[in-house]
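> Okay, handing you the structure first.
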Amino acid sequence: MSKLLEVKNLQTCFYSKDKRIVSAINDVNFSIKKGETLGIVGESGCGKSVTALSILQLIQPHSGMITQGEILLNGQDLLKLNEKKMQQIRGNQISMIFQEPMTSLNPSFTIGYQLISPIRLHRRCSRKDAYDYAVSMLHMVGIASPEQRMKEYPHQLSGGMRQRVMIAMALSCEPELLIADEPTTALDVTIQAQILELMKQLQRKLQMSIILITHDMGVVMGMCDNIAIMYAGNVIEFADKYQIFNYPKHPYTKGLLSSIPSLDRDVDVLNTIPGIVPSISNMPSGCKFGPRCQHTLPICKQLQPKSIQVGNDHSVSCWLYEQEGGES
Amino acid sequence: MAKYIVRRIVLSILTFFCITIIVFFISYLAPGSSLDYILANSNMSPEEIELRASQLGLNQPVYKQYLTWLKEFFKGNLGISLREYRSVTEMIGERFGNTLLLTFSSLLIAYFIAIPIGIHSSRKPYSIGDFFSATAALVSMALPGFFIGMFMIWIFSAKLGWLPMGGMYSSSAEHSIIDLLKHMAMPVTCLALQQLGNVMRQMRSSMLEVLSEDYVRTARATGLSEIKTVYIHALRNAMGTIVTLFGTSLPFLVGGAVVTEQVFSWPGIGSLMVTSITTRDYPVIIGITVVVATTVLLGNLLVDITYGILDPKVKYD
């Protein structure tokens, strides 16, 4: 299978309050194939959402910008496109659903208006056809009495329903890639499962790829093919999910996995990774995980590790594997 | 909705009565009656004045005066001016149009200019353009109307001689639209300048808030152009502030710009108010106040209904 999207050396910077430029993500690399699901996992503030917004170039020019890298969609570099071309890609080839279904729909417009508008934007069709199509989309995402819902405003719908509407909106132009930024974080557990199941179903139906951003390891296990672990603006480990779960390499990944509580073992204190994520304006030198790592080598404090291959499609950025990587 | 409107109307009527009572009694309590003014300024004898007072019902107890006034009000009669001996309704009526023409066109111009500028500054906060618009807004809000007015008269009438100094029509020429526009140019600009700043800043802050909302990002993510995102998706949500602002400028719309009308001797309600106050023409003062108050009540009712249209979340009961 060919690569649908490839992100190379992506760096996005923001302007801080004192007019300094700080990078939120640095040298981010990953790729996703057609029909595949990639999970991007990491703690809050590690740059997951910034990565997603960078792909769609939704970083507001007055707050920050993409300073380096390439984002290749079917081999075409999105960063070289002008705004008008980019608008044709947004919502059409690449769609996005957001974390907050409660606030992601415009409170002043009906569901119908918000569904029909992107359809009419990207597909040349009559108002009537767009309406019928929107109704069928609502039906597809499992909303009962869609005609009625079309006339309603977002505040008349529950959180789960709104997220379904968001999904219907995002999928209405049959995108090749869906970016889901913590789509279920704000929903309760039963609705979470329903929404994820729905996404999986629709993925099979529409043959699309999904980038699933989450910090929920359980969700990742159920949904994803490949996983990118992010820490402080870097992808520190990238592999398929079996590799990640069975043979994690990076000390941070190991820490993450060991902090998943288990049902079989009875423990008093849950496992955690000591320390906190460094803020983007105050990054440690060398490996950014260094201060929290239990296996630090002298070099960790001086140089940031490069990404190295440690197996078939398994890459990790850690000095501990520099030797092995050289061999394989 | 219907229930809510009925309740609002009933409340408005109650408020209206309160206003008339307060206005009427305050002017009764004010020191110096209009009769003193006539006495000091004319050569009428005290007996003649006594006669006049009884004709006008001024020697009756105040509550009776009020009830008479109220009865007449519902017949559309606001009393008789003590200065001109003419019907107050008529006097207000002939100036009402002039004032509306002046204030409405200045509001229109102010909103027309201020809204796009406000939106622009909110899209690029702390940019050079934003800085300039903030400075302009500050100047607009800080400069008093009479100063702008007199400054404009000094430049455009006295120095350059382009525009007439005041009034509504030239006395020599026939009443033409061109002549009217020439006379309107300065007072309208003067009034618009005074309001620009406030509208601009309000629009900016309201828009700035809306632009950081999640749903604006959603609109962008569907591939909508920036212009459509801002002017359709965001503006609709930011409009509430502007509706409120418009509601608060209603008294100005009807009551006229007292100072500006005076500076440009515009024959409107505002200048009538000033003359009436200086001559203690209480029936006219009461009349104007009540008319303005009534329009404000109606205006607020309209504003509340507009909220409901703009924001579907507003519940009416």
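Cβ atoms are placed via backbone N, Cα and C, with glycine included.
Note that the structure is predicted; figures quoted are calculated from it, not measured.
In case it's useful when we look at the structure, here is the feature table from TrEMBL:
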- B:96-303: domain 'ABC transmembrane type-1' (DOMAIN)
- B:9-30: transmembrane segment (TRANSMEM)
- B:100-119: transmembrane segment (TRANSMEM)
- B:131-156: transmembrane segment (TRANSMEM)
- B:176-197: transmembrane segment (TRANSMEM)
- B:242-264: transmembrane segment (TRANSMEM)
- B:284-310: transmembrane segment (TRANSMEM)
> Near the transmembrane segment (B:131-156), which same-chain residues lie under 8 Å Cβ to Cβ, leaving out any that are not at least 6 residues past its ends?
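Sequence-remote neighbours of the transmembrane segment (B:131-156) are 117-118, 120-121, 162-163, 165-166, 186-187, 189-191, 193-198, 200-201, 204, 257, 259-260, 262-264.
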> With the transmembrane segment (B:284-310) as the reference, which stretch in B:9-30, B:100-119, B:176-197 has the largest tally of C-beta pairs below 8 Å?
B:9-30
> Excluding the flanking five residues on each side, which residues at least 6 beyond the ends of the transmembrane segment (B:176-197) place their CB within less than 8 Å of a CB in that stretch?
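Here the qualifying positions are 101-103, 105-107, 109-110, 113-114, 136-141, 143, 145, 148-149, 152-153, 156-157, 163-164, 166-170, 249, 257, 260-261, 263-264, 266.
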